[in-house]
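Working notes for the structure below.
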Amino acid sequence: MRGSRVVAGLVLAYLLLPVAVVVGLSFNAPSNRLSYDFDRFTLANWADPCGPAGLCASVLRSAQIGLLATVLATVLGTLLAFGLTRHRFRGRGPLNALVFLPMATPEVVLGSSLLALFTAGAVPLGFWTVVIAHVMFCVSFVVVVVKARLAGMDPRLEEAAADLYASPWHTFRTVTLPLAMPGIVAGALLAFSLSFDDFIVSNFNAGTMTTFPMFVWGSAQRGIPPQVNVVGTAMFAVAVLAVVITTFRRRAR
Amino acid sequence: MSDLVLQGLTKRFGEFTAVDALDLTVPAGSFFALLGPSGCGKTTTLRMAAGLEEPTAGRILLGDRDITGLRPHQRPVNTVFQSYALFPHLDVAGNVAFGLRRRGVRDHAAEVARMLELVQLDGLGRRRPAQLSGGQQQRVALARALVNRPQVLLLDEPLGALDLTLTRRMQVELKRIQTEVGITFVHVTHDQEEAMTMADTVAVMNAGRIEQLGRPAELYEFPQTPFVANFLGQSNLLAAEVVERGAGYVAVRAYDNRYSVPAGRCRAAGPAAYLGVRPEKVHLAEAAAQVPAGHDSVAGVVTDWSYVGVGNRYLVRAPWGTELAVFSPNTGEGYYPPLGGEVVVHWDPAHAFLLDREPGAGDATTPVAPEPTGVPA
Amino acid sequence: MTVTAAARPARAARRTPYLLILPGLLWLAVFFAVPVVQLGATSLYDPNGSLTDGYAMTWSFGNYATALAAYWPQFLRSLLYAGLATAICLALGYPLAFVIAQRAGRWRNLLLILVVAPFFTSFLVRTLAWKAILADTGWLAGLLRDLHLLAPDGRLLATPFAVVMGLVYNFLPFMVLPLYASLQRLDGRLLEAAADLYASPLRTFRHVTLPLSMPGVVAGTLLTFIPAVGDYINAALLGTVRTSMIGNVIDSAFLVRLDYPQAAALSFLLMAAILVLVTVYVRRAGTDELL
């Protein structure tokens with residue numbers, strides 16, 4: 001048992017080591033563009049995060065795509081999850097398979113096949129094609145998360161609401177939706193992080209537009225500006241802060 | 001206030017008939033218990049009354065008003081669910097106010113407070129259901145339903161999840177609250193003691209039908225069917241044949257012995273009958289000479305004995321092999337035979353009853369102890 | 001009598017599920033199913049066509065044979081690397097998930113946050129951080145050389161080791177979370193009961209803990225293996241041409257060589273391989289609940 005604790009500690013360290021390196025490198029003044037070594041401490045990268053051309057624009061674009069894709073995928077996925085868990089209808093089995101398959105399909109295949117569709121339809125590649133692509137692979141994940149939440153819900157709660165004079169619409173609004181909310185929020189967060197972090201599918205369907213992961217990929221060939229690590233560190237800090245705040249607020253209630 | 005009337009109410013799930021052409025009138029303001037073993041259709045009946053289950057056939061009326069086609073939220077009927085079904089995302093006050101809000105009642109705060117006081121939960125309005133004990137959750141469920149002043153309150157095994165002491169306390173409590181608010185309570189339970197403690201009228205259900213309906217004492221003292229005789233308490237039922245229907249009495253023959261029962265306690269129409277007597281109505285004597293005059297008796301051997309504090313339970317094997325259950329209250333008087341001792345069991349014929357028996361059916365006693373081996377059935 | 005009153009809401013209810021699923025169904029049909037079917041058609045096009053001249057449908061099943069003949073090493077390598085990474089993830093993830101689920105007490109939530117913390121920053125940025133850690137001039141390579149665990153001219157970066165390690169790193173949380181979910185449901189008293197019934201810790205694990213956490217093991221291995229086998233970022237950033245995986249081949253067939261029929265055939269082979277492996281695995285593991 002003690003052995004498993006040691007292993008657990010080492011595994012956690014392994015998971016967090018690169019994050020520490022990212023934070024460290026954000027304060028690095030590299031000696032040349034292709035160097036990955038820590039050369040000299042500096043605050044210059046933090047003072048000028050938007051220095052490298054296109055970096056901040058790509059972050060902003062990724063955020064916009066992420067938000068749009070999240071909203072759409074969450075709405076579509078939540079409706080699907082309700083349909084699949086609450087109703088029996090013909091074609092439920094095949095639909096379940098259709099929802100599962102995108103998760104089992106490699107991203108290269110998802111990205112390339114969609115590109116072929118856009119090319120065949122002469123759809124100009126760019127912002128919207130990437131949004132469409134992201135919604136497509138995020139929907140399944142939202143469905144899975146929301147479905148799990150709905151499956152764990154006591155059906156008597158909705159019966160109780162109906163019994164207490166709530167019409168079907170009121171039952172949905174005052175009982176079902178609030179109870180499903182944690183699942184919907186979790187699904188939305190997952191969708192956003194999948195979209196914001198996606199490189200492969202975006203790379204196929206973005207045309208000349210650049211998202212943040214695409215910017216990182218591109219600069220990895222030419223030498224990474226240290227500001228990329230600033231963005232990475234800032235993202236990490238914001239996420240940690242959000243988690244801490246929500247945890248404390250929940251505890252305060 | 002109006003009566004709840006069920007007419008020919010039927011519910012089938014595929015091939016299975018859960019509720020079979022039920023006719024029932026629950027008088028307004030009464031405390032009514034639907035008692036039966038699990039799977040007898042009592043909960044399905046309740047859910048149909050609440051509108052949560054659609055009847056296959058039949059009608060549900062409140063007074064003269066047909067409510068069969070109304071959705072649950074359109075019925076002036078509320079339910080206390082078995083698992084309480086409290087809304088976990090609302091606090092206690094929010095749960096209790098739920099129905100009032102939906103019906104557009106303004107100023108529900110005072111109502112809610114008054115109701116929480118009635119169920120002795122004053123001051124706990126801001127708590128979440130998860131922070132309450134089982135008994136407290138049960139009270140919230142009750143308050144949440146009662147605050148709407150429904151015409152009928154349906155209770156689905158409301159005490160099933162509580163421990164024994166709490167159950168006893170809540171039984172008294174529920175009865176007090178029902179008397180106070182005067183609303184019709186329909187209480188579904190499988191616990192005969194619970195049903196008898198609280199209800200004015202008990203309906204015993206079996207296999208989708210009502211076997212008998214009446215005041216608890218009526219049901220217990222003079223059951224209608226062998227099922228009621230053995231579901232509500234326990235009975236010794238001996239297979240007998242009616243041999244004579246005299247003035248004021250009916251005589252039967254069982255295993256070459258002749259017994260009699262007052263004519264008013266005979267439900268047997270044909271010759272095949274069960275002679276029934278409750279274990280606590282049966283007494284033990286050392287010898288036939290000590291049997292009081294007018295009592296019927298059987299001689300036997302004590303095959304099992306257990307001491308249960310308030311009394312002693314015996315099994316006495318009759319000469320033809322049937323074991324009769326006897327309960328002797330621990331009054332400090334009377335005869336307490338040893339295991340294996342020869343005894344005479346006797347009873348006042350006025351305490352016996354006769355029920356219809358399927359021709360060919362044997363004795364129907366419920367053994368209190370595992371059957372001893374080597375005894376022919 | 002009351003039949004009509006009851007039937008009216010039922011008819012509306014029958015329409016509801018279709019209204020709920022329609023938008024999502026359409027999206028997945030148009031942007032997932034149609035493209036995949038079209039990709040299947042593309043894989044059978046005349047291999048001699050080109051993007052500029054267009055392709056003719058010649059039902060060229062030979063595309064598959066050609067693709068496999070040319071790229072079977074990358075195929076095998078992908079399966080090998082992904083399989084290896086999955087096994088290592090399981091070996092590393094299980095103790096971590098067990099400790100968090102059963103032994104962490106009030107630290108449980110903090111530890112869970114630490115497991116998902118890497119997700120809080122970009123996947124590519126983290127992979128590039130590994131490039132810094134494993135660099136030839138980096139401290140880790142230096143340390144290993146000083147300890148004589150690495151030859152003086154030995155490398156960490158651009159080796160199969162680096163690629164597999166990168167895969168393990170990237171997909172480890174996908175292994176830990178489902179394992180945690182099923183281990184957390186495991187009643188601690190069962191372990192005590194097993195110990196009480198004379199089971200050694202090892203036997204308790206084999207006969208109680210492991211069987212009960214099987215759903216988590218199955219979910220975790222699938223969530224790790226499926227994305228790992230198609231991944232090409234780790235191979236591209238941490239490896240060399242000699243370590244390239246099938247994802248790299250498909251990517252360049254589509255975007256560099258512009259050989260669409262072959263790229264499509266390779267994609268379909270990859271999908272088929274994954275579906276076959278997953279189906280066989282799920283059958284053998286004896287739990288269908290994931291599908």
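The backbone N, Cα and C atoms fix where each Cβ goes, and this holds for glycine too.
Under the heading domain 'ABC transmembrane type-1', TrEMBL lists A:59-249.
Per TrEMBL, the feature transmembrane segment maps to A:65-85 (among others). Packing against the transmembrane segment (A:65-85) from elsewhere in the chain are residues 92, 95-96, 99, 127, 130-131, 134-135, 138-143, 146-147, 150-151, 180, 184, 187-188, 191-192, 195-196, 211: each is 6 or more residues past its ends and has a CB under 8 Å from a CB in it.
Sequence annotations record features per position, and here TrEMBL assigns transmembrane segment to A:97-119 (among others). Sequence-distant neighbours of the transmembrane segment (A:97-119) (same chain, 6+ residues past either end, Cβ-Cβ under 8 Å): 80, 84, 125, 129, 132-133, 136-137, 139-141, 143-144, 198, 200-205.
Summarising the annotation, TrEMBL assigns transmembrane segment to A:125-146 (among others).
Per TrEMBL, transmembrane segment is recorded for A:175-196 (among others). Same-chain residues lying 6+ beyond the ends of the transmembrane segment (A:175-196) with a Cβ under 8 Å from its Cβ atoms: 62-63, 65-67, 69-71, 73-74, 77-78, 134, 137-138, 141-143, 145-146, 148-150, 153, 157-158, 160-161, 166, 212.
According to TrEMBL, the feature transmembrane segment maps to A:228-248 (among others). Among residues of the same chain six or more beyond the transmembrane segment (A:228-248), those with a C-beta under 8 A of the stretch's C-beta atoms are 19, 22-23, 25-26, 28, 45-46, 49, 52, 55, 59, 212, 215-216, 219.
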Sequence-remote partners of the transmembrane segment (A:125-146) [C-beta within less than 8 Å, at least six residues beyond its ends]: 61, 64-66, 68-70, 72-74, 76-78, 80-82, 84, 99-103, 107, 110-111, 114-115, 118, 180, 183-184, 186-188, 190-191, 194-195, 198, 201-202, 204-209, 211
